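Chemist: Here it is, the structure, as structure tokens.
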Amino acid sequence: MVKICCIGAGYVGGPTMAVIALKCPDIEVAVVDISVPRINAWNSDQLPIYEPGLDDIVKQCRGKNLFFSTDVEKHVREADIVFVSVNTPTKTTGLGAGKAADLTYWESAARMIADVSVSDKIVVEKSTVPVKTAEAIEKILMHNSKGIKFQILSNPEFLAEGTAIADLFNPDRVLIGGRETPEGFKAVQTLKEVYANWVPEGQIITTNLWSAELSKLAANAFLAQRISSVNAMSALCESTGADVTQVSYAVGTDSRIGSKFLNASVGFGGSCFQKDILNLVYICQCNGLPEVAEYWKQVIKINDYQKNRFVNRIVSSMFNTVSNKKVAILGFAFKKDTGDTRETPAIDVCKGLLGDKAQISIYDPQVTEEQIQRDLSMKKFDWDHPLHLQPMSPTTVKQVSVTWDAYEATKDAHAVCVLTEWDEFKSLDYQKIFDNMQKPAFIFDGRNIMNVNKLREIGFIVYSIGKPLDPWLKDMPAFV
């Protein structure tokens, strides 16, 4: 029986290995992690991550050919293929701080693999890594190999949280990069045969190592670029009276452009987009391409601008102060159908409002109070380091309360901010919410999911990104 081990039981490693176990019953799959609480959660009825469809797959395969363990060295030693899915956070100190990827955990994993291995192995990069990382990993393995042979492959993930299981079942493509040597081609073929159990051959793309590594960074940069492009247009729409939804639709009907990722919003979030673009910027700078670096840096700048613009719109609309005013935040996760809060725009919006001394009440159906308080008290980039390296007891932000009910969150509020596009927010009783709010009652829709006309009929003053402005808002422009 072929044995696969994945180092890292996070948002990528867990779902990916669960689907491989489901689709390949003849392969034994072990997911390992040094975090005891995380592995305990994977072995319980309450999985550590929320992903539609994941629970059923794990329950179906766990204990048969899918195992979760903290015995990292044992499972690495026994594996034929080792996936490495550890964090590659942005460096916070030293050379490249604020831009470069921190490969500390990757290097540590590589050294451990070399140390415990007693047979030849295929080592697969699953984490998003800078171009040429495979070369560095090869050197570490080669100089510590004790005669054992390793083949390095790049197999980047292209999952979208909230639809990860569907993405794994029916991927647009599976990308495998390897060395262009007989041994490299053989390793690529071995991994290709795993995916061929359910992915059509035409959707499995093979490239050299460097192309595969760069393709992942490029894909995320292109997606984020589309979001920043439509968000830049949303600012212009507000200034001219155009409707960004109509503009996006008109643009998206062009077959050369398409309609995906053209929804204006408060900004993009998630673990990958900003981190990968900053990494891309750093790689361009290191390769003597300052103009290219500056081009990609603008994608991040527009995203920051959009979040700042949203906060400024809130404050300026409410008589230029939110001091001691209750502001309800509906949604804290970076997108619907996930509990992931990494780089969520809600963090920056909340911090901006807290800076103006607002009292914030937050409701999200999948994010815990502990996580919200941690996010609002943590320094930038610290979130992407393992939990045991984060502050043990983050400071509680006293101006923030977290509820498990949207109506409780909005009671006596001066304003409601919709920051995650959860479906349930569309069907709330907004007449009830309006009746229990301070007047004038404001709604700031950061995801453009609200029925604006209906809300205005109820009596709300509504701001929706990129839409024609409410007369009230026209008199109080937002300045950045």
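Cβ coordinates are placed from backbone N, Cα and C, and glycine is handled just like the others.
Feature table excerpt (Swiss-Prot):
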type: BINDING; residues: 3-20, Asp33, Arg38, Thr90, Thr128, Glu161, Lys275, Arg342; note: NAD(+) binding site
type: BINDING; residues: 157-161, 216-223, 256-269, 334-335, Arg447; note: substrate binding site
type: ACT_SITE; residues: Cys272; note: active site, nucleophile
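What's the neighbourhood like for these features in this structure?
Modeler: Thr90 (NAD(+) binding site) falls within a strand when secondary structure is assigned with DSSP.
Ala219 (substrate binding site): 18 other CB atoms within 10 A of its CB, across all protein chains. The DSSP secondary structure for Ala219 (substrate binding site) is helix.
The C-beta environment of Cys272 (active site, nucleophile), restricted to residues of the same chain at least 6 apart in sequence and closer than 8 Å, consists of Thr128, Asn220.
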Chemist: If you draw a 10 Å sphere on the Cβ of Arg342 (NAD(+) binding site), how many other Cβ atoms land inside?
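Modeler: The answer is 20.
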Chemist: Out of Thr90, Ser259, Asn263, which of the binding-site residues has the smallest number of neighbouring Cβ atoms within 10 Å?
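Modeler: Lowest Cβ count within 10 Å among the binding-site residues (Thr90, Ser259, Asn263) is Ser259.
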Chemist: Among the binding-site residues listed here (Lys3, Tyr11, Val19), which has the Cα closest to the Cα of Asn263 (substrate binding site)?
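Modeler: Answer for the nearest of the binding-site residues: Tyr11.
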Chemist: Does anything in the same chain, at least 6 positions from Glu157 (substrate binding site), have a Cβ under 8 Å from its Cβ, and if so what?
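Modeler: Set apart from Glu157 (substrate binding site) by at least 6 residues yet with Cβ under 8 Å, we have Val12, Thr16, Lys126, Thr128, Lys216.
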Chemist: I need the CA-to-CA distance for Pro15 (NAD(+) binding site) versus Ala219 (substrate binding site), whole Å please.
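Modeler: Just about 21 Å between their Cα atoms.
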Chemist: Can you tell which of Pro15, Gly267 has the least company, meaning the fewest other C-beta atoms within 10 angstroms of its C-beta, among these binding-site residues?
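Modeler: Looking at the binding-site residues Pro15, Gly267, the Cβ with the fewest others within 10 Å is that of Pro15.
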Chemist: Given the binding-site residues Ile7, Val19, and counting only Cβ atoms in the protein chains shown, which has the most within 10 Å of its Cβ?
Modeler: Ile7
